[in-house]
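Colleague: Here you go, one structure.
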Amino acid sequence: MGPAREDTPLLGKERPLSSQFKTFANVFIAIVGAGVLGLPYAFKRTGWLMGVLTLFSVAALITHCMMLLVHIRRKLGAANIGSFGDLGFAVCGPLGRFLVDILIILSQAGFCVGYLIFIGTTLANLFNPTTTLTLSHVSPKSLYIWGCFPFQLGLNSVKTLTHLAPLSIFADVVDLGAMAVVIVEDVKIAVEQRPDVVAFGGMSVFFYGMGVAVYAFEGVGMVLPLESEMKDKEKFGKVLALSMGIIALLFGAFGVLGYMAFGDETMDIITANLGPGLVSSLVKLGLCINLFFTFPLMMNPVFEIVERRFWSGMYCVWLRWLLVLAVTLVALLVPNFADFLSLVGSSVCCALGFVLPALFHLMVFKDEIGWKQRTFNSGIVLLGLVLAVSGTWSSLSEIFNWN
């Protein structure tokens, strides 16, 4: 295989096709991540009812946009459209691929920054090292983030994803276990304490909530590989809708119960609300280990794109190390986990999840769709742009306290 060019599809060897259940599980793995841990805090800001309505409308819209990408690929019928970037290239040439590439780099690297913030904050809460180290100018959180750095350099030097595959399954088992423990704790505390909760937080926080919800459901880049791996492609839409519905119910319950348990005391990472104790410490440690190992999986699309653009598609270890260093430095500068989720969700994920799929669909199907579909797609593009601008502004004003 020669060096990769603009139109080289990101496809590996032939793989056996997936059953409906396996596709369902893969969608689950692609969507459920660390974003869910910021939902109770977002619900505290938006109010629980507004939070739930936002969450479900975002889930429905993102599912619709994922299916738009599938319809575009079926219409173009190109065998070499393996990824979102390939689709961008097929629809609008190098510019299309460039746009998708930039957004995927920002979103994936953004997730990894979120992971490091989570790991640093959680470990600093668990083991406060101030007793042994009197470094007045370095926070415990920063020490833990730097502590991860050499190990991440090693993990991110692994050439192929196949060696990392078992880690993603382990990661999701830990995620679901942690969510179950948190939900049980929440129910116990909510029944005992019954703190005051708000249903509607007002329109000013609407965009903030949208940003966190979009982040929680981010996985639009995975839809094309998942569909091409499915045996019975006609049923893909149903399987996708069912899995997104179940995930939305799970996320909604998690957010509402977390907020109902702690009310105004809800922290930006819900696990921080769990008091001291063996179970709570195990959950926090488990999540840290999970995110630590998910980091290289999330960085992989970034490496593929950067190596294709700057190193003719060949493996380059120092480029990877530079990228890991950049992500680590950003993580050290960002104060709050949920605010950062909202920033990545509103800026990058809105463009990837809403704007580009609807825009590409309008371009490919311009002669075939009626005014209803055209208006709906244009509405999604507009909504995505409005969300991106206003959500980015509201998250930045949270992060830098501009209010």
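Heads up, the Cβ atoms here are built off N, Cα and C, so glycines get one too.
Since we're looking at a predicted model, the values are computed, not measured.
Just lifted these from TrEMBL, have a look:
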type	residues	note
DOMAIN	19-395	domain 'Amino acid transporter transmembrane'
TRANSMEM	21-42	transmembrane segment
TRANSMEM	48-70	transmembrane segment
TRANSMEM	102-127	transmembrane segment
TRANSMEM	204-227	transmembrane segment
TRANSMEM	239-262	transmembrane segment
TRANSMEM	282-303	transmembrane segment
TRANSMEM	315-334	transmembrane segment
TRANSMEM	340-364	transmembrane segment
TRANSMEM	376-396	transmembrane segment
Colleague: Please indicate, using numbers and ranges, the residues of the same chain that are 6 or more beyond the transmembrane segment (315-334) and have a C-beta under 8 Å from a C-beta there.
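Modeller: Result: 109, 112-113, 116-117, 120, 142, 145-146, 148-149, 152-153, 156-157, 159, 299, 302-303, 306-307, 340, 399.
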Colleague: Under 8 Å, at least three CB pairs between the transmembrane segment (239-262) and the transmembrane segment (21-42) (pairs 6 or more apart)?
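Modeller: Yes, the transmembrane segment (239-262) and the transmembrane segment (21-42) are in contact.
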Colleague: Check the transmembrane segment (102-127) against each of 21-42, 282-303, 340-364 and return whichever range has the most CB pairs under 8 Å.
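Modeller: By Cβ pairs under 8 Å, 282-303 leads among 21-42, 282-303, 340-364.
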Colleague: Same-chain Cβ contacts of the transmembrane segment (282-303) under 8 Å, 6 or more residues past its ends?
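Modeller: Answer is 33-34, 37, 104-105, 108-109, 111-112, 115-116, 118-119, 122-123, 125-126, 148, 151-152, 155-156, 158, 161, 164, 167-168, 170-171, 174-175, 177-178, 181-182, 221, 271, 274, 319-320, 323-324, 327.
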